[in-house]
Protein chains: 2
Amino acid sequence: MEIRYPNGKKYNLTKVEKKTQLHYGNRGMTLEEDLNESNDYYLTNHIAVIHKKPTPVQIVSVDYPSRSAAVIKEAYFKTPSTTDYNGVYKGKYIDFEAKETKNPTSLPLSNFHEHQVNHIRQVLQCGGISFVIIRFSKTEEVYLLDGNFLLQFWERMEKGGRKSITKQEIIDNGHNIPLGINPRIDYIRVIDSLYKEVLD
Amino acid sequence: MEIRYPNGKKYNLTKVEKKTQLHYGNRGMTLEEDLNESNDYYLTNHIAVIHKKPTPVQIVSVDYPSRSAAVIKEAYFKTPSTTDYNGVYKGKYIDFEAKETKNPTSLPLSNFHEHQVNHIRQVLQCGGISFVIIRFSKTEEVYLLDGNFLLQFWERMEKGGRKSITKQEIIDNGHNIPLGINPRIDYIRVIDSLYKEVLD
């Protein structure tokens, strides 16, 4: 929104105002944007260091017109072999995948790659904290579901069962993350109560 | 090397033989290759889950000739904001950067981006295990240097001191990682003794 002084001169929003406007004005942010912003908050406040991993690409051809500006001319997206987010909180390894669905009643398991599910299994075997953050975009509800439950639902599918996790199953086995202002998705607070014994 | 039967027919190496040949035959592997192989070993044996992060690229233009084969037509390398490797060992967060130098007597600090040094500082503040693996390629010696020492040498440079860490300083403050066969660079063993209290 453009704001003008009474004399017609354009008023430039300050950084803080822009940020506030973003928070209140833009409810259309993706789960990824909300999580990146929450991670920025954790980082700035020395709470946790959690980053989204870069998208894996297979680089085929690169032009070097000058040393400082190599241009990738041909590359392909690779299937990720791990989850998207990982980092450290209170010394512990944190690892998660974020999934958003427009489906109001269930999360289709086709949202996950087999590699990612195997990665979650491996992380749990090595004592890491692993989970999925799920947003039902229609209602903006966000849940945290521990990796062990994802593995159970994945195995149910492999045995011929349903190819999705129902929203009710996510409610029953997961934890609602209330939406806040800063951070928007305060998943660390849920982790704090959920993995209390491991974290102390 | 090609191996032939007495009748001249080509002998195809088995998978295991290929692997052995790789280990004994190819001493020219880069530090990254050696580390990836070591990480594979840790993963396969359920010891630790540690991956190299994908190279961060800024994607500018993508062609979609068909859904399954999107081609990235223009992209640029981005400066990494974190270190290259991270993961989990015994529930703890492990984070490191790997640097190889042809310089026989010191590691120039120009090998690090300021972002990476800040990341190491943040990881240490959140209780993570952070270090650098340094290989002197001329002699194939590999050392592990705790992140706190890197920060000290970095600050010395910022105060106008030398722009490198001498090899002697790395020997005095770091830990030699003996080269093995499988895994090639068994840094987890060094971590085990170095961070004993944190890991139990």
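Along the chain as shown, residues are numbered 1 onward.
Each residue, glycine too, has its Cβ placed from N, Cα and C.
So that you can see what the record holds, here are the features copied from TrEMBL:
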BINDING   A:T82, A:D84, A:E97, A:Q116  Mg(2+) binding site
SITE      A:K99  site 'Transition state stabilizer'
Among the binding-site residues listed here (A:D84, A:E97), identify the one with the smallest other-Cβ count within 10 Å.
A:D84
Environment of A:T82, A:D84, A:E97, A:Q116, the listed Mg(2+) site - residues of the same chain whose CB lies within 8 A of the CB centroid:
A:K53, A:P80, A:T83, A:Y85, A:D95, A:F96, A:H113, A:H119, A:I120
Which residues of the same chain, at least 6 positions away in sequence, have a Cβ lying under 8 Å from the Cβ of A:K99 (site 'Transition state stabilizer')?
A:L31, A:L107, A:N111, A:F112, A:V132, A:I133, A:I134, A:R135
Run through the Cβ atoms and count how many others sit within 10 Å of the one on A:Q116 (Mg(2+) binding site).
20
Taking the Cβ of A:T82 (Mg(2+) binding site) as centre, how many other Cβ atoms lie within 10 Å?
23
Run a quick check on A:D84, A:E97, A:K99, A:Q116: which of these recorded positions have any Cβ-Cβ distance to chain B under 8 Å?
none
